[in-house]
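Trainee: The following block contains the structure, expressed as structure tokens.
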Amino acid sequence: MFAPGIPRIMVEFGETSAVASTFVLSIYILGFAFGPLAIAPMSEVFGRERLYIWGNIPFAVFSVGVAFSKNMAMMMAFRFLMGLIGAVPLTIGSGSIADVMPVELRGRALSAWALGPLLGPSVGPIAGGYLIQAAGWRWVFWLVAIMTYPVIGRNLYPHLLSPLILERKAERIRKATGNQNLRSKLQKEDKMSDTFKLAILRPMKLLFLTPIVALMALYVAIIYGIYFLLITTFSFVYKDRYGLDKGATGLAFLPAGVGLVIGVISFGALSDSVVLGNNTEGIAHRPEARITPMLTMPCCALLPIGLFVYCWAAEKGVQFVVPMLGVAIVCICLMGVIVSPNKRIMPKTCIANSVGKMCIQNYLIDTYPQYAASATAVLTVLRSVAGALLPLGGLEMYNTLGLGWGNSLLGFPIPLVFFVFGERIRVKFKLALDFWTHVFPVSTV
């Protein structure tokens, strides 16, 4: 929400560094990279209810800390802490949906849920721009803190995790009957320390022992980096190039939100139709069906076109509606890869630690269903790091190359490489993963 106010913040704190102006925005995303490493195992031990409740309290406190910031360092520190604790709903939100929604409705619910964290960076600045213009940038964080406290109520978050529900029911029965041998069928035998160790080791094993996971995680990271690179530069592009005020600059983020919505609706339906069509024809399901050229080819073709429209229209000073159209095209294509949920194939046991049910994420879930949480954790960490760090060089890159050639560097049809070579890569390195699974066993309870 405070992106349109970055120029004013730079003046107030006496900062002139282009890197600082970008990092103060993207450091929040960097918190998402480290939060899931602790949040995921904590959710397995304590349940999601407590994380939702106790996560909101420090989030509101850190928001107040940003509002009281006296310099850029203080602001960045509290922004990072906000991202660190703000990763709670992103890490366990989709798992909560999987707990309460039937399989046939889960895809639609996940599509709607995925819009929240993706629309926030593009729609939030619209309201933020006018709020900053009227009351100053600090009120953005006061508003966030005020809106956080009403959702802390305990009754809003019942226990949803099935194993934890059964364990607590068994505990009540043990107390009532005195029979200490009663145990839940889903109760884990691992100690708390072992649970944390396994939750942290599993993503690392997948990342370093399975190249297909590493390559796809890297690609998703690049996509998120592009997305946040564009977002962090809107304020400067539309303010400096087109002379828009802070309120109108906030409206410049709207085309990105429109593109995301269109992408979710379009590619979610296309993904369902592809898999349903294969089922109707009796075609055995392969993970590569998630990244069929029918879905990825339009994205590969249109994404660079959208980038070219945005960058060269802005470079030449074409009427600002044209670069906004290019941004909308880019976001539609990004959603073709980022969000493409499937309500028929996704295992009920998947706990997604991600911003959305992605086409690539679903591919990895189908490939490693027993390691679904770990695979999505790899995506979360890498894409958050890229989303935070890649934009840092954005303004310097644009200053050196210009908007035209700077954005022209972005965009390559990598999903087609995965479609052609993905199966042989994952099969070739499956033995390595199986070997190390015996060395570091993974609990499947």
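Placed from the backbone N, Cα and C atoms, the Cβ positions cover glycine too.
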Trainee: Which range, 110-132, 363-385, does TrEMBL list as transmembrane segment?
Mentor: 110-132
Trainee: Find the member of 18-39, 51-68, 320-339 that has more C-beta pairs under 8 Å to the transmembrane segment (110-132) than any other listed stretch.
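Mentor: Selected stretch: 320-339, with the most Cβ pairs under 8 Å.
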Trainee: Give the one range among 80-98, 212-238, 320-339 whose Cβ atoms make the most pairs under 8 Å with those of the transmembrane segment (18-39).
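Mentor: Answer, by Cβ pair count: 80-98.
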